[in-house]
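Novice: Below are the features listed in TrEMBL for this protein:
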- 1-15: compositional bias 'Acidic residues' (COMPBIAS)
- 48-159: domain 'NusG-like N-terminal' (DOMAIN)
- 177-204: domain 'KOW' (DOMAIN)
- 1-24: region 'Disordered' (REGION)
Amino acid sequence: MQEFDETPETDDEQREETSTVLTAATTSVVSDSEDPVAELRAALRFAPGDWYVVHSYAGYENKVKTNLETRITSLDMEEFIYQVEVPTREEVEIKNGKRTQVQNKVFPGYILVRMELTPESYSCVRNTPGVTGFVGATDRADRPAPLSLDEVLKWLAPVVQQEGGKKAGKPEVKVLDFEVGDSVTVTDGAFASLQATISEINADQQKLKVLVSIFGRETPVELNFNQVTKI
């Protein structure tokens, strides 16, 4: 069995691997469409095979994708396994005043595979180095449940929306100037002027979960980015 390289991926490796994501049925829908998600839905209806979610080690998704694509070729499984995707979106992070473009996973630790499920194709995927299993498997280990069309769209829509935004001159940008553990001062709302510590960051919704000390106890509070300032 091929050994799994546990060397973490660098940002450069992630950019290189994700530069060609969403081939076949996915990349073709973002050309000049006013509604790329609707076009994606239409394309997915006619794509052969079903989509399955595969669990991998977080941070190694692109390495696992490469491993699987190599096995598909070496085992002559191209007629059964059609597409392997690690959905990502481009974001801009600002840390210590430095602006950096990064590719962040839409669902870290998971890989999307479009395939015809057979004992052989299942074995090809399941025994790929770095794969820990299929998500949604039933009591029969070789019969995981495929995703519904709406579920596939949830995974792939963020990518085609971003591609459509780029073509319209409106790239999706998320600006992060916070890190978990940062000390901040609440500037708005019932807890204004109190100091707090960031415990969670939701970049998509531009929200933070902070711990505020109230009567000697730390209480979690959800705030918008613009309701705090870094100390």
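Backbone N, Cα and C define each Cβ position, glycine as well.
Quick caveat, the model's predicted, so the values are computed rather than measured.
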Novice: To what whole number does the mean pLDDT across the domain 'KOW' (177-204) round?
Specialist: 84
Novice: DSSP-wise, what's the residue breakdown of the domain 'NusG-like N-terminal' (48-159) into helix, strand and coil?
Specialist: 33 helix, 40 strand, 39 coil
Novice: Per DSSP, what is the residue count of the domain 'KOW' (177-204) in each of helix, strand and coil?
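Specialist: Helix (H, G, I), strand (E, B), coil: 0 helix, 12 strand, 16 coil.
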